[in-house]
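Chemist: Pasting a structure below so you can have a look.
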Amino acid sequence: MPSNNSSFLDIDDDLEGVDDFGNEPNPFDDATVPDSPNMNNSTAGKGSEFYNTTGSKAESAPLQGQMDPPAYDQVIGQNDNDGLGRNGLRPGLINYYSKYFQIDLTQFKKRLSAVLTFRNDHNSESNEDNTDLYGAVWITATVVMINFTMSRGLNFIISDVIEGVKTGEDIDRASQFKKLLHSIWLFYGYTFGVPFITMQVLNRDEHSERNRSFKSVPELISVYGYANLIWIPVCVILNILDMSKRLRTVQAIQWAIVALGWAQSSYFLNSQISSNNNTETQSNGKFSLSIIVVVALHTLFCLLFRFIIF
């Protein structure tokens, strides 16, 4: 009789609910849950066996992917066995030109001092290709920024600081940005454009033995870039004199300073392009066609610098 009552209560209402799963077995009844080693019950034996097994594996083998952190001076991702150095970077345009910006500070200072002291040390360290474009980019950028900020800075110091007169409304911003644009195209165009012409002239010169053998155009660009170091003090002096440029005496001094910069930079270019062992040519006073073309282009550059910027 009780069984009939239980079957009478088992009514399917065609709705999904808890009563639909009342007669189904519990899937967790047959699951074996291991006990922790510290549990004091009858099932602790099997549980302790499970934990002892996993614990021994964890102690003997480290976690997958676990490694010590890199040292303080270690470059992440660097592999000492890949054989890739300054001349062995992986293919790619950025990697190709990035080697020209890997320069030692001592070597950079040595090249800067060689320009100012008329020494021929720029490319005489060794036969290894130590060409850099770092100097060509940043020395030229320094010259451009001096031409852009020097005049305004001097006016601010003299008028606003010393005399105490505000001259903010009298600034000729059009002439300042005009000088900036002219400095950019003139110096960067000369530094990175003329070496392509010079390279072609050097390759076609009949007296090529008088000239140094350049392996690539970036090597010539590096020479022209370091030659711009001479124009840093020249531009500083010219900007100071430019405040009184109406006087004829000041204009004559500006011409003399530009001529001095031309002479020193021309000498540096000549010393770098000419062969170091060419003592016979230097004693006879003869110059190759390449040197004549280089000096002529440099003279044109100095004239444009004098008339356009100052």
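For all residues, glycine too, the Cβ spot is worked out from N, Cα and C.
Note that the coordinates shown come from a computational prediction; the quantities given were computed from them, not determined experimentally.
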Chemist: Check the candidates Ser7, Ser60, Ser213 against Swiss-Prot and report the one noted as phosphoserine.
Modeler: Ser60
Chemist: Cβ pairs under 8 Å with the transmembrane segment (131-151): which stretch of 181-201, 220-240, 249-269, 290-310 has the most?
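Modeler: Most Cβ pairs under 8 Å with the transmembrane segment (131-151) come from 220-240.
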Chemist: By a Cβ-Cβ criterion of under 8 Å, what residues six or more beyond either terminus of the transmembrane segment (181-201) are in contact with it?
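Modeler: Tertiary neighbours of the transmembrane segment (181-201) are 136, 140, 143-144, 147-148, 214, 217, 220-221, 223-225, 228, 231, 273, 289-290, 293-294, 297, 301, 304-305, 308-309.
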Chemist: Looking only at residues six or more beyond either end of the transmembrane segment (290-310), which have a C-beta under 8 A from one in the stretch?
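Modeler: For the transmembrane segment (290-310), the far contacts come to 147, 179, 182-183, 186, 190, 194, 197-198, 201-202, 205, 210-211, 231, 238, 242, 245, 254-255, 258-259, 261-262, 265-266, 269-270, 273-274.
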